[in-house]
């Protein structure tokens, strides 16, 4: 160890130039270092990103910062919005979605009253649809207004009940259930088309629309469900009794509802009006009402054994 003499006479130890501080390391691999040097990693990631961008450009993909790609994206979005508007216009022309909202404007009170009216229409007196500024009020405000909620739910429930009835006979299969649903739907469409053709041939000026006819024709599913469920629970005699009651109820319901739409004002009020055209309207009303019990029996008799 080297010592140097000072002016005061004391000797002082000469420090070595390669002495290291306690608990420190020059190479920076010790865990006591407070901050890591991330400059190399950052430069590596930037180099990788630039290489990735260069690879995409070499493969034919435009850079995200390219103004032409941004312009192309904006043009593509504008074309998509225009196509969507065109589809909405054409769809609304064939399927009036805005009008369909009216037929589904129902609530629980309306559904309960309407179901009661379909099963027991004999005590109901006022069958006219209420209007507000030449526009019919929503079904939830008028029990006489047609709706599509009950026919749609009735159709679905009828298919489910039919599947249950086929299951009790050990005949259930997805194919057979599909045949049941498709046949019921085809008969419904044929019925509506036949009524439209009859109205055209008779030249009846009425405010009935195709959706109105679809709604009135779909109300028979309520009686069909009642008949099938009664038959499953209490046997065939209960099926015939309940179906007979529901057939009579739907006949009265259709007569009292359609006479205000198809017959003249005087005939709708119950006064005798002579005339060939008015007799044709009366026969047409009776035919539409009489067709409902026929379809109800045709679509349910094979479900009860």
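We count from 1, first residue shown onward.
Positions of Cβ are set from backbone N, Cα and C atoms, glycine also.
Note: TrEMBL annotation is automatic and uncurated.
Sequence annotations record features per position, and here TrEMBL assigns compositional bias 'Polar residues' to 1-10 (among others).
The compositional bias 'Polar residues' annotation in TrEMBL covers 22-34 (among others).
Annotation source TrEMBL lists region 'Disordered' at 1-34.
Sequence annotations record features per position, and here TrEMBL assigns transmembrane segment to 148-167 (among others).
Under the heading transmembrane segment, TrEMBL lists 179-201 (among others).
According to TrEMBL, the feature transmembrane segment maps to 213-233 (among others).
Taken from TrEMBL, the feature transmembrane segment applies to 239-259 (among others).
The annotation transmembrane segment is assigned in TrEMBL to 280-299 (among others).
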Sequence-remote partners of the transmembrane segment (280-299) [C-beta within less than 8 Å, at least six residues beyond its ends]: 158, 183-184, 187, 191, 195, 198-199, 202, 204, 216-217, 220, 223-224, 227, 243, 246-248, 250-251, 254-255, 258-259, 262-264, 267
Chain residues in Cβ proximity to the transmembrane segment (148-167) (below 8 Å; excluding those fewer than six residues from its ends, i.e. six or more beyond): 100, 103-104, 106, 111, 114-115, 118, 139, 173, 176-177, 180-181, 184-185, 188, 211, 214-215, 217-219, 221-222, 224-225, 228-229, 231-232, 299, 303-304
